[in-house]
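Q: Shown below is the structure under consideration.
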Amino acid sequence: MYNRKEWKHIFKLDPNKEISDEQLTKICESGTDAVIVGGTDGVTLDGVLHLLSRIRMYTVPCILEVSTMDAVTPGFDFYYIPMVLNSQEKKWMMDIQHQAVKDFGHMLDWNELVAQGYCILNPNAKAYQLANCSLPTEEDVVAYAQMAEHMFHLPIFYLEYSGTYGDSQLVKRVSRELEQTQLFYGGGITNKEQAKEMAAYADVIVVGNSIYDNFDQAIETVQAVKEG
Ligand SMILES: CC(C)=CCC/C(C)=C/CC/C(C)=C/CC/C(C)=C/CC/C(C)=C/CC/C(C)=C/CC/C(C)=C/COP(=O)(O)OP(=O)(O)O
Ligand SMILES: O=P(O)(O)OC[C@@H](O)CO
Ligand SMILES: [Mg+2]
């Protein structure tokens, strides 16, 4: 139905934050390739359902990035499943996901599930702290990318700088390692120049917080990526 491999730009909407109807229309009609609903904390079923019902008025593909099983509902096009590669606890890479599959595996449409190998690089990000991550060196990051591609065959490797703009040279280096696995970059993209810079190396850039901080500039990131 959708060719995820062709996507270049995604907006990530936080069910824990407010967005007006007018802004949501602009997001969904911006030309972005998809909208992810997700966040680290304050993600409730009510918040997710409210956003889903509003996004569903548009044709844009809609994805739930599952951060808690308490807020999962049918109706999304895809379910992205984070696995935190640089967590110091196996729980965030394997055990939560294992338990969810034990509980819900019998009712899953596996075609809708997409695993994401997360490498979280901003120590101040909530997700970094929640998942008890350690800060990898560049060599560590490259090795995680190689494992994602060649050992785990993950569909997505996600360089996550949530809340801060990352190192484009590292994104470039990682991009050289990946052929089958899609490279996502997310974090601190606030304008079209930054969007272009990261999109030169990442397959997909994800724009989150700037939707809430500087809406007009966030919208401009779509065109910047599509032009490039
Ligand atoms: C019935 C049906 C429709 C089912 C489909 C879905 C389903 C039930 C699948 C089951 C299979 C499965 C394996 C589920 C596991 C789900 C799960 C709970 C995984 C754990 C996820 C995890 C490791 C969470 C830790 C936090 C994290 C990495 C979140 C990722 C998103 C992220 C980084 C958000 C941005 O965070 P941040 O900017 O730091 O914070 P803000 O919220 O302030 O923006
Ligand atoms: O919110 P920002 O910093 O844009 O990051 C986007 C996304 O990667 C967060 O998971
Ligand atoms: Mg966020």
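Just so it is clear, glycine is given a Cβ too, placed from its N, Cα and C backbone atoms.
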Q: Out of G31, G188, which is the one TrEMBL records at the sn-glycerol 1-phosphate site of K12, Y158, L159, E160, Y161, S162, G163, G208, N209?
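A: Of G31, G188, G188 joins K12, Y158, L159, E160, Y161, S162, G163, G208, N209 in the sn-glycerol 1-phosphate site that TrEMBL records.
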Q: Once the DSSP letters are reduced so that anything not helix or strand counts as coil, what is Y161 (sn-glycerol 1-phosphate binding site)?
A: coil
Q: Please report the Cα separation of G208 (sn-glycerol 1-phosphate binding site) and D14 (Mg(2+) binding site) in Å, rounded to an integer.
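A: Here the two Cα atoms are 8 Å apart.
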Q: Restricting to the same chain and to sequence separations of six or more, state which residues have a Cβ under 8 Å from that of D14 (Mg(2+) binding site).
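A: Sequence-distant Cβ neighbours: G38, G39, G208, Y212.
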Q: List, in residue order, those binding-site residues out of D14, T40, L159, Y161, G163, G208 with a Cβ under 6 Å from any atom belonging to ligand 3.
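A: Once distances to ligand 3 are taken from each Cβ, D14, G208 fall under 6 Å.
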Q: Please check the binding-site residues K12, D14, T40 against ligand 1 and give me the ones with CB under 6 A, sequence order.
A: D14, T40
